[in-house]
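The structure that follows is given in the form of structure tokens.
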Amino acid sequence: NGSFYQPSAFLMMGIPGLEALHPWISIPFCALYLTALLGNCVILFIIRKTQSLHEPMYYFLSMLAVTDLGLALCTLPTTLGLFWFNVRRIGFDACLTQMYFIHILSFIESSVLLAMAFDRFIAISHPLRHPSILTKTTVLKIGLAIVLRGMVSLLPIPFLLKRLTYCGKTELSHSFCFHPDIMNLACADIKVNVFYGMIILLSTVGMDFIFIVLSYILIIRTVVSLTTKEECLKALNTCVSHICAVLVFFIPMIGLSMIHRFGKNVPPLVNTLVAYTYLIIPPALNPVIYSIKSTHMREALLRALRRK
């Protein structure tokens, strides 16, 4: 049969087996979304208003906060709409649009974390040259390159999905649209989608992770060469927040990618929990991590609260 079929809409899934508890489950989700929205807005406000934070480390942190806000806003309407009002239907084009922005923002977050690792390496290994290497112009160029890389590399994905013929099954695995999830509903040959998706993932997020690891190997080599234990601890302490952010982002992302590609026998509940951890936990935790671990951020926040 050579007919072409494209569904008008997909049906989203919540947490399998716990549909009756969705109104109650929405409470922790609301708390996480509220933390993500308020926390990242506070981070942006504090950095903008505090002159002493106008340096590369905090410019990159601002990029991370904007990206986390975008991720939270991408999934919030469909997730809470499903949990609160059982709105499961999402139009085909709307689903592709949401998927495109979710993946773009994920790739941007990965690249920003790499830029932050590079910033920490320069700050620790070449502290005197740090201001001349990472100027405002350089940081702006890095930010634009990060956004362009994400947009251009993922641009073919929606068109690769639109060319496919879909079966009668329209149920997604999550309360948001994810490329492997949509792709697996197709009846047609999806080898091109699988190959392109894997190549893009490895050449962007995969390479980012490798370079982050290499950056920390070089940082550790530099720190080990420092003369006193206090200097070592002080240098490493500036990296703790970033290391936590890297782990919070990459561990669930790698897990979700592996489940979608190789975990055919993984229980649906595990797949769902990993997906929510990947998209909701980092935007909520990152502002908390940086507010607690960054002395400058904490002091600026306390000053702002005292003024209020």
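Keep in mind that glycine also has a Cβ here, set from the backbone N, Cα and C atoms.
Note that this is a predicted model, so its numbers are computed, not measured.
Here's the feature list from TrEMBL:
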TRANSMEM  20-47  transmembrane segment
TRANSMEM  59-85  transmembrane segment
TRANSMEM  97-118  transmembrane segment
TRANSMEM  139-161  transmembrane segment
TRANSMEM  194-219  transmembrane segment
TRANSMEM  240-261  transmembrane segment
TRANSMEM  273-292  transmembrane segment
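Describe each of these features in terms of where it is and what it packs against.
Among residues of the same chain six or more beyond the transmembrane segment (97-118), those with a C-beta under 8 A of the stretch's C-beta atoms are 57, 60-61, 63-64, 67-68, 70-71, 74-75, 78, 90, 142, 146-147, 149-151, 153-154, 157-158, 161, 176-179, 182, 204-205, 208-209, 211-212, 215-216, 242, 245-246, 249-250, 253, 279, 282.
Sequence-distant contacts of the transmembrane segment (194-219) (same chain, six or more residues past either end, CB-CB distance under 8 Å): 106-107, 110-111, 113-114, 117-118, 120-121, 124-125, 149-150, 153-154, 156-157, 160, 179-180, 183, 235, 239, 243, 246, 250, 253, 257, 261.
Using a Cβ-Cβ cut-off under 8 Å and counting only residues 6 or more beyond its ends in the same chain, the transmembrane segment (273-292) has close neighbours at 15, 29, 32-33, 35-36, 39-40, 42-43, 61, 64-65, 68-69, 71-72, 75, 79, 102, 109, 173-174, 176, 178, 241, 244-245, 248-249, 252-253, 255-256, 259, 298, 301.
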